[in-house]
Amino acid sequence: MNYENSLAFAQQLDQADPLRHFRDRFHIPKRDGQPLIYLCGNSLGLQPKTARDALNRELNTWQNLGVEGWFDQPEAAEQPWLSYHATCKDALAHIVGAEPSEVCPMNALTVNLHLLLASFYKPTEKKFRILTIKGDFPSDQYALETQVKHHGLDVAKTIIEIAPQDDGESTLGLIHTTDIQKAIVEHADSLAVIWMSGLNYYTGQVYNMAAIAETAKLHCIPIGLDLAHAIGNVPLRLHDWDVDFATWCSYKYLNGGPGAVSGVFVHQKHHDQNLPRLAGWWGYREDRRFDMTPGFLPASGADGWQVSTPNILALALHRAAISITAEAGLVALRQKSEQLTGFLEYVLTPFDEIQLLTPDDPNQRGCQLSLLVRKKGKALFTYLTEQGIIGDWREPDCIRLAPTPLYNTFEDVWQVGEALRKFF
């Protein structure tokens, strides 16, 4: 697309946007009665207008039925709580490119990571190492370190971190797909599992998950993905890519609310395997859960990794949010996202003081652009916030801005350029 840095051009794009009506389905934060330019959906998505009603329905069921809300009742809400999580499966499967049996909404991301590693990280004397990305989100790093220690292994000898190569892009923190593939091949004989993000939280780089998963499969190494910044942001095909397992959070691009319920993906090729797991009663076969008999019989599919009674109130918000993403469709969302983020890149071009950490190739990024501002970076961030432009700051000198296609406009992006022009 050929862009033009003008308000009229931005408004023209907004008028032609087939997704423009989705903005009306979210509460846009305001200051002094004016809507903010909210470019922070990569940190916390906005509240759907359906969220309050969805929550109140389950509060009313609790109020009126008490424990009977778990079961089929003529006067109950539309879905008994016992199988409430199942009502999220079709939308989740659509969003991550999976079969409904392969996904389950549950827990929080790092909790799920530990549960999944209990099944897929099975170190032996020869194959005990974990391959990951250097500088991935700290919670993942802590989980891997403590898993290694749990098995009585030395962290320094066990975790292999792939770092950017010194090829001119290293200062940007970008990692080539070929470097990840080479590391898999080089260490294949000692790798027990691969765990990495699908999209880097700091730089905004999208990794070629399909190619990396194919290399892992060729060497019979299970691969898991942290999709916190990818889900609802870029198209995913977890089943077709033959990814073994994945987990994510739902409070960013899925707009499930602060601390929203997470979810897991377990490829169906593992559903019939007697994998080790950390079990709990909600992962037991649903038709026999209340038999209360000894011996764990896992539920089929990803449901078998559930542990505790689900948080129905959180699931109500989750279902309300993901239904909007599924309705909009990942193809349409991605098309608008590429245009929005491309326009943001365009309006940033005149400012030599700003260097992009994020790849300029649309295939290697999602919504987010990470701005490296070595001089006056914090001052610029404070100024943008004062101007009603909400992004987030990452030390030491990075501003992250993420125009989100469900509720951001091209005029929002144009306003960013105007604010920068006044600052510099």
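Every residue, even glycine, has its Cβ placed from backbone N, Cα and C.
Annotations in TrEMBL come from automatic prediction, not curation.
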If TrEMBL says L109, T110, F137, P138, S139, D140, D226, H229, Y251, T309 bind pyridoxal 5'-phosphate, which of W241, W281 does it name for the same site?
W281
Integer Cα-Cα distance in angstrom, K252 (N6-(pyridoxal phosphate)lysine) to L109 (pyridoxal 5'-phosphate binding site)
12
Among L109, T110, F137, P138, S139, D140, D226, H229, Y251, W281, T309, recorded pyridoxal 5'-phosphate binders, what is the largest CA to CA distance in Å?
31
Note: in the chain of F137 (pyridoxal 5'-phosphate binding site), residues six or more apart in sequence with C-beta under 8 angstroms of its C-beta are S197, Y201, D226, A228
When each of the binding-site residues S139, T309 is scored by other CB atoms within 10 A, the minimum falls on T309
Within 10 Å of the Cβ of L109 (pyridoxal 5'-phosphate binding site), how many other Cβ atoms can be counted across all chains shown?
21
Take the Cβ of Y251 (pyridoxal 5'-phosphate binding site) and count every other Cβ within 10 Å, whichever protein chain it belongs to.
23
Among all protein chains shown, how many Cβ atoms are found within 10 Å of the Cβ of K252 (N6-(pyridoxal phosphate)lysine), not counting that one?
26
